[in-house]
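First the structure, in the form of structure tokens, and then the observations on it.
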Ligand SMILES: *[C@@H]1O[C@H](CO)[C@@H](O)[C@H](O)[C@H]1NC(C)=O
Ligand SMILES: [Ca+2]
Ligand SMILES: [Ca+2]
């Protein structure tokens with residue numbers, strides 16, 4: 001009943017949350033692998049990108065012009081006609097604005113994107129919608145965050161402000177060197193477990209492609225596989241040594257999941273955000289880990305850097321495994 005057990009429990013809980021999260025992530029990405037449109041979550045966490053980048057995007061249709069009250073007073077024919085004309089002509093209906101902006105029509109009836117007033121953001125349902133910015137300020141929701149960031153556009157402060165993690169800002173303990181070394185051990189094991197879990201529930205869902213299934217099947221059927229569960233760091237390290245081959249594919253697979261916008265063999269801050277932002281509050285070494293992964297400090301994590309971070313040997317790094 002010592003502190004050891006407590007730590008294990010905490011790790012186990014973290015692991016569950018993590019696996020759940022990764023499955024969701026895999027679900028979203030795999031569900032729409034060919035679509036041009038970026039996955040919404042990824043767009044939410046615009047991080048470290050230059051302001052000039054005006055990524056076109058992604059929200060639901062702006063709800064402009066369809067005033068339900070007007071539509072429902074439909075007994076008055078005139079009213080209906082006016083509403084319909086308005087809808088047909090509203091140039092904002094098909095005009096998408098990036099996060100933090102909304103569409104407005106200017107004097108010559110042209111749609112344009114303007115900064116959203118944070119006061120018009122929906123009230124957050126709970127603390128889990130809060131966002132911690134890199135200014136260590138808590139924002140009520142990502143809508144509030146991006147609206148605020150938009151208002152600062154063009155300023156140095158706005159340029160430096162990014163979404164750091166999900167949840168209210170809190171004290172994040174510094175990551176000690178030995179903790180930093182443990183991080184990839186656990187993450188590697190999680191990645192393998194996530195893939196196996198996807199494989200197990202794949203029959204109806206088609207979460208994995210045939211090619212991916214074939215690779216995971218080998219891991220799944222290997223009797224020497226370390227089953228998902230609480231394992232000491234020593235055991236994880238030993239298993240990595242003994243069953244090294246089982247870890248090669250999961251590491252590549254996760255890279256492919258993240259390298260989507262664009263698919264270029266490099267992970268930008270934005271591409272990493274879906275993994276980073278939910279993880280930081282649970283794993284205080286996340287930021288250090290990804291910083292340290294970017295060995296050449298060019299702000300992108302290349303496949304080689306990524307694989308290296310997880311202890312995959314250079315001769316086993318294979319672009320063809322990223323599918
Ligand atoms: C960030 O804010 C939290 C909560 O207000 C505080 O506990 C923490 O010390 C702050 N961190 C830094 C680095 O200032
Ligand atoms: Ca990329
Ligand atoms: Ca790099």
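Note: Cβ is positioned from N, Cα and C throughout, glycine not excepted.
Just so you know, TrEMBL annotations never went through curation; they're auto-generated.
According to TrEMBL, the protein has these features:
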- 92-103: disulfide bond (DISULFID)
- 97-113: disulfide bond (DISULFID)
- 115-150: disulfide bond (DISULFID)
- 121-143: disulfide bond (DISULFID)
- 132-169: disulfide bond (DISULFID)
- 175-285: disulfide bond (DISULFID)
- 293-309: disulfide bond (DISULFID)
- 114-171: domain 'Kazal-like' (DOMAIN)
- 1-31: signal peptide (SIGNAL)
Residue 150 (disulfide bond) and residue 175 (disulfide bond), distance between Cα atoms, whole Å: 32
Other C-beta atoms that fall within 10 angstroms of the C-beta of residue 143 (disulfide bond): 22
Neighbouring disulfide-bonded residues, C-alpha within 10 angstroms of residue 97 (disulfide bond) - of 103, 132, 150, 285, 293, 309: 103
Nonlocal residues around residue 132 (disulfide bond), in sequence order (Cβ under 8 Å, 6 or more apart): 138, 139, 163, 164, 165, 166, 167, 168, 169, 170
DSSP-derived structure type at residue 115 (disulfide bond), helix or strand or else coil: strand
Integer Å distance between the CA atoms belonging to residue 121 (disulfide bond) and residue 285 (disulfide bond): 32
Cβ neighbour count (within 10 Å, all chains shown) around residue 169 (disulfide bond): 17
Shortest C-alpha distance to residue 115 (disulfide bond) - which of the disulfide-bonded residues 103, 121, 143, 293, 309: 103
Distance-selected disulfide-bonded residues near ligand 1 (C-beta under 6 Å), from 121, 132, 169: 169
Distance from residue 143 (disulfide bond) back to residue 309 (disulfide bond), taken between C-alpha atoms, in Å: 34
Long-range Cβ environment of residue 113 (disulfide bond), under 8 Å and at least 6 residues apart: 95, 97, 98, 101, 102, 103, 104
Nearest-integer angstrom distance between the alpha carbons (Cα) of residue 150 (disulfide bond) and residue 143 (disulfide bond): 10
C-alpha spacing of residue 92 (disulfide bond) relative to residue 143 (disulfide bond), in angstrom: 19
Cβ atoms near residue 97 (disulfide bond) (within 10 Å, other residues, all chains): 23
